[in-house]
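In what follows, a structure is listed as structure tokens, so that the remarks can point back to it.
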Amino acid sequence: MFRRKLTALDYMNPDNFHVNDEKSFRDLVVWLEDQKIRHYKIEDRGALKAVEEKDWATGYRRYLGSLNCPINPNERAAVLDWLLGLAVRFEYGDNVDTYKSETAENVRNRQMSGPKMVNTNPLDALDFQSPEFRDGVNRLASQLGVTQHPDHLVTLKAISKLITSRLSAEAMQNPGEVIHQGKAFPIFEADLGFETGDPVLNNAGKALRLMYIHDLRNLQTRINESIVAVQTITANPKTDTKLGKVGR
Amino acid sequence: MNVEGIFYVNDHLEKLMFEELRNSCRPGSVGGFLPGMKQIANVAALPGIVGKSVGLPDVHSGYGFAIGNMAAFDMDNPQAVVSPGGVGFDINCGVRLLRTNLTEADVTPIKERLAQSMFDHIPVGVGSKGIIPMTARDLEEALEMGMDWSLREGYIWAEDKEHCEEYGRMAQADPAKVSMRAKKRGLPQLGTLGAGNHYAEIQVVDEIYDKWAASKMGIEEKGQVCVMIHSGSRGFGHQVATDALVAMEKAMKRDEIETNDRQLACARIKSEEGQNYLKSMAAAANFAWVNRSSMTFLSRQAFAKQFQMSPDDLDMHVIYDVSHNIAKIEQHWIDGKLRTLLVHRKGSTRAFPPHHPLIPVDYQLTGQPVLIGGTMGTCSYVLTGTEQGMTETFGSTCHGAGRALSRAKSRRNLDYADVLVKLQEQGISIRVASPKLVMEEAPESYKNVTDVVDTCHAAGISKKCIKLRPIAVIKG
């Protein structure tokens with residue numbers, strides 16, 4: 001709950017917060033006052049910070065009253081939402097210059113231009129749009145025999161698929177088992193099942209058919225594997241030739 | 001007639017159809033079934049039928065519906081009916097084809113031993129009993145679960161289920177709707193081939209017409225050895241059909257359903273009798289799949305023993321398993337609208353085109369494999385489904401040769417010793433339980449399967465892929 005707002009405020013462990021857990025609720029209220037809201041003077045925060053005390057609730061009510069919180073103190077989720085909103089507003093007020101440029105348009109542009117960055121990832125330093133990176137991807141593609149897409153990030157995705165499925169450690173050791181052996185099927189001579197009137201669209205339709213069949217084959221293989229797994233427990237085939245009788 | 005009746009023929013088959021019609025119209029001829037052509041017309045007059053009543057090239061007269069007749073009924077029409085005659089007595093009679101990585105040269109030296117080994121493993125004939133121990137409780141579970149039962153017990157491979165029509169299980173099966181009598185008849189018969197036109201054959205690839213489709217089925221070259229199993233639900237399905245016919249006669253009176261032929265007993269799909277039949281028919285279908293699965297297991301054992309190799313190493317995968325006596329709920333386009341239909345296929349095989357969602361992923365590009373069993377000593381074929389078949393015949397095609405002479409007439413006209421000698425001359429090893437009945441199944445008693453298949457291919461309702469020729473036959 002409140003994951004987005006907690007993340008925005010840099011609260012530790014925003015994924016694990018539960019509003020119904022008494023202790024984490026109290027801790028969060030104290031943390032918000034201490035770090036973000038700072039309504040009381042430090043020396044006045046004693047009653048609120050005594051999170052282990054039985055009458056913490058009294059101090060909590062008084063605190064909400066002095067903030068002019070319009071929400072019933074017993075509706076904790078609503079109260080927290082309001083407190084978090086307040087904290088976010090203060091946070092923004094303190095750093096207007098930093099956040100001013102964060103318009104919806106800018107954020108969208110940033111998301112489109114590169115894979116989502118994880119803070120600890122060393123690849124973050126890379127500029128995915130730089131000509132060097134683009135060239136590198138295209139060189140890798142031509143070495144691996146992957147068709148180049150106008151968007152080099154799409155090409156990169158295809159390369160990654162090829163490497164994880166065909167060039168994994170497992171596949172390199174046992175190519176016969178991992179890589180499906182089979183004859184190429186002349187798909188462009190096969191019946192598509194419908195006719196668009198445009199040969200290019202027809203071929204695209206055939207490619208889509210193949211991708212669908214590929215997915216379906218993987219699903220069926222997993223189903224078969226599950227059946228075999230169950231069979232190892234249940235199977236016990238028997239025959240008894242004494243029962244047999246040939247008819248007239 | 002509510003819709004048109006049509007049938008597919010070439011010149012030769014056309015002559016046979018009209019001859020059958022003429023014979024039955026001769027004064028003084030009594031008994032027997034109505035001629036196929038009349039039966040197709042009578043079916044076209046049933047309530048709720050949509051599209052057309054279709055006779056496939058192998059059509060010949062049967063109980064109520066002709067064998068080789070398909071008819072679809074509108075699930076949304078409260079008047080629409082289901083008819084046990086449109087499914088047949090041998091519910092979910094069908095064909096299964098296994099491939100191997102052996103060639104004819106590997107098999108020829110031990111052909112006799114292999115045939116004997118198959119014969120020892122798979123009990124055949126009227127009154128035969130299977131060698132897989134089954135209790136009454138096992139049977140109940142098998143009726144409900146179909147091939148999932150065989151899988152659970154470890155008789156078959158996970159891939160077998162993948163390559164089977166309906167994945168080897170009809171979910172609406174309800175063993176509680178099946179009579180005790182049917183279960184008693186069925187219990188000892190699981191894992192047996194039966195009699196009549198049923199057989200297990202060791203075949204070799206004789207011709208490949210569609211290299212790519214064949215390759216998807218794991219058939220790479222001429223001479224490759226396959227095993228074909230043609231069997232059904234034995235006495236169980238027969239009893240289910242008989243019970244349903246009795247119940248439906250009463251329902252017809254109550255609901256005032258009129259048909260042109262007493263044998264076309266039927267009930268409204270939504271009525272209790274109709275629903276009971278569909279649930280017990282599904283149980284019988286499951287029985288047949290378990291039966292063919294048990295024989296798959298036994299065939300693999302027989303081959304493994306003779307070649308001292310595991311079935312895995314012999315690559316004995318199921319190519320496909322088709323049902324040619326069944327009624328199924330399917331969706332089809334009619335006049336640009338998607339409709340839910342109850343499709344009866346009696347002596348007719350489903351043949352869905354490439355990319356149909358109900359066919360296995362491995363055949364998405366080629367279309368569904370359609371297995372056409374020949375008669376004893378003649379060729380068999382593998383076809384694939386086509387888009388044209390989907391629009392013209394609700395995705396259906398022929399199922400086999402189709403009788404040309406009645407059983408009685410075959411017995412009068414042919415001598416069993418001659419039939420056996422002829423097979424031997426062709427280099428076909430044969431093991432039969434009752435040699436005196438083989439003339440009923442002699443190639444002379446049937447239409448020429450090649451004629452039948454060529455007609456389907458020429459009409460575009462399915463496409464030739466592989467031709468198989470028998471080298472050993474096991475029969476009832």
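Heads up, the Cβ atoms here are built off N, Cα and C, so glycines get one too.
Checking the candidates B:H198, B:H317, B:H332 against TrEMBL: the one annotated together with B:D90, B:C93 at the Mn(2+) 1 site is B:H198. The Mn(2+) 2 site recorded in TrEMBL includes B:C93, B:H230, and the single candidate from B:H12, B:H163, B:H324 that the record places there is B:H324. The Cβ centroid of B:C93, B:H230, B:H324 marks the Mn(2+) 2 site; residues of that chain outside this set whose Cβ lies within 8 Å of it are B:D90, B:G94, B:V95, B:H198, B:S231, B:G232, B:V322, B:S323, B:N325, B:G373, B:H399, B:G400, given in sequence order. When the binding-site residues B:D90, B:C93, B:A200, B:H324, B:T375 are ranked by how far their Cα is from the Cα of B:H399 (active site, GMP-histidine intermediate), B:H324 comes first. Other C-beta atoms found within 10 angstroms of the C-beta of B:H230 (Mn(2+) 2 binding site) number 26, with every protein chain shown included.
In sequence order, B:G196, B:G232, B:S233, B:R234, B:G237, B:H238, B:N325 are the residues near B:D90 (Mn(2+) 1 binding site), counting only same-chain partners six or more apart with C-beta under 8 A. Highlighted in sequence order, B:G94, B:G194, B:G196, B:N197, B:H230, B:S231, B:G232, B:S233, B:R234, B:G237, B:A288, B:N325 have their Cβ within 8 Å of the centre of the Cβ atoms of B:D90, B:C93, B:H198, the residues recorded for Mn(2+) 1, and are not part of that set. B:H230 (Mn(2+) 2 binding site) sits 5 Å from B:H198 (Mn(2+) 1 binding site), taking the Cα positions as reference. Over all protein chains present, the Cβ of B:N197 (GMP binding site) has 23 other Cβ atoms lying within 10 Å. Rounded to a whole value, the Cα-Cα separation of B:G402 (GMP binding site) and B:H324 (Mn(2+) 2 binding site) is 12 Å.
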